[in-house]
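**Student:** Supplied in structure tokens, the structure appears directly below.
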Amino acid sequence: MSTEQTTKTPRVVIITGISGAGRRTAAHAVEDLGWYVVDNLPPAMLGALVDEIAANNIDRLAVVLDVRSRIMFDALGVAVNALDERGIDPAIVFLEASDETIVRRQESSRRPLPLQQGGHLLDAVALERRMLSDLRAEADLVIDTTSITARQLAQRIDHAFAEGIDEGLAFQVMSFGFKRGVPIDADLVFDVRFLPNPYWVPELRPKTGLSSDVASYVMAQAGATEFIDRVEQLLGGMAPGYLREGKKQVTVAVGCTGGKHRSTAISEELSTRLAARGHRTAVLHRDLGKE
């Protein structure tokens with residue numbers, strides 16, 4: 001009788017991005033989901049680590065990589081190609097944030113950026129963006145952490161990985177306020193400012209789109225149901241194409257003026273509709289509570 005033990009092929013996620021964008025916060029979120037997490041691994045060691053993980057029958061591996069030099073970027077490409085040849089398709093998650101956000105976070109931590117070397121902080125940020133532009137273009141998932149909290153980042157990571165990044169197309173529906181800018185990581189953006197604003201209804205003004213009163217008001221407006229019907233059909237029709245192109249997650253942003261009433265209510269309804277179609281969905285209200 002054979003005593004050979006069957007090993008699992010692990011799912012591999014690579015977490016990288018701009019310094020100060022939240023790589024370690026993302027790693028902690030994944031670790032809380034039961035992933036085996038390794039921080040600051042040189043790219044050249046990725047293959048050996050996967051072998052060790054597989055030998056110990058660990059099926060989910062998340063690796064935080066710091067790729068700021070051409071040599072390390074090339075080494076990552078070699079490592080990823082080697083895994084592809086073995087039937088392991090690692091997912092790359094790239095985190096970024098605005099210059100202002102990174103400066104604020106770095107000043108709060110009182111730690112210089114790795115590329116700063118005594119120079120100006122913004123120059124170091126710009127250099128890092130240029131060095132990582134190719135990697136960002138190849139990422140399976142790009143998350144802009146500028147306007148989201150650590151908790152919201154964890155929720156997005158949870159949505160991407162809790163059910164497995166390779167198990168069909170997932171939709172992230174995000175409400176936002178145009179006055180705070182359009183989410184730069186959105187794949188599709190819809191504007192619901194054509195609907196009457198509950199802000200001008202005194203009894204609804206202090207409430208949010210999560211309130212049944214506000215949601216009922218928004219959905220009762222002319223064009224609201226038709227809008228959601230059409231967006232639902234559009235996304236349902238696009239889903240097979242996204243999957244054929246290898247896209248694992250689509251971020252749909254729905255905006256109103258402040259992100260408190262209309263976009264929140266519409267995002268909740270759209271997320272419910274997509275879930276009823278069998279898609280993995282999550283809803284994030286980026287600007288709720290910031291008014």
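Keep in mind that glycine also has a Cβ here, set from the backbone N, Cα and C atoms.
Owing to the predicted nature of the structure, the values given are computational and were not obtained by experimental measurement.
What Swiss-Prot records for this protein is below:
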BINDING   Gly17, Ile18, Ser19, Gly20, Ala21, Gly22, Arg23, Arg24  ATP binding site
BINDING   Asp66, Val67, Arg68, Ser69  GTP binding site
**Student:** Could you tell me which three-state DSSP class Ile18 (ATP binding site) falls into?
**Tutor:** coil
**Student:** Would you count the other CB atoms within 10 A of the CB of Gly22 (ATP binding site), including those on all shown protein chains?
**Tutor:** 24
**Student:** Could you give the Cα-Cα distance between Gly17 (ATP binding site) and Asp66 (GTP binding site), in whole Å?
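**Tutor:** Per the Cα atoms, Gly17 (ATP binding site) and Asp66 (GTP binding site) stand 8 Å apart.
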**Student:** So which other residues, same chain and not among Gly17, Ile18, Ser19, Gly20, Ala21, Gly22, Arg23, Arg24, have a Cβ within 8 Å of the centroid of the Cβ atoms at the ATP site?
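**Tutor:** For the ATP site, the extra neighbours are Leu95, Glu96, Ala97, Thr145.
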**Student:** Measure the Cβ-based neighbour count of Gly20 (ATP binding site), defined as the other Cβ atoms within 10 Å of its Cβ.
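**Tutor:** That number is 25.
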**Student:** Can you give me the Cα-Cα distance between Ser19 (ATP binding site) and Asp66 (GTP binding site) in Å, rounded to a whole number?
**Tutor:** 9
**Student:** Which of the three DSSP states, helix, strand or coil, fits Arg24 (ATP binding site)?
**Tutor:** helix
**Student:** Between Arg23, Arg24, which of the binding-site residues has the fewest other CB atoms within 10 angstroms in the structure shown?
**Tutor:** Arg24
**Student:** A 10 Å Cβ contact count, applied to the binding-site residues Gly17, Ser19, Asp66: which residue has the minimum?
**Tutor:** Asp66
**Student:** What three-state secondary structure does DSSP assign to Asp66 (GTP binding site)?
**Tutor:** coil
**Student:** Looking only at Cβ atoms, how many others are within 10 Å of the one on Ala21 (ATP binding site)?
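**Tutor:** Its Cβ shell of radius 10 Å holds 23 other Cβ atoms.
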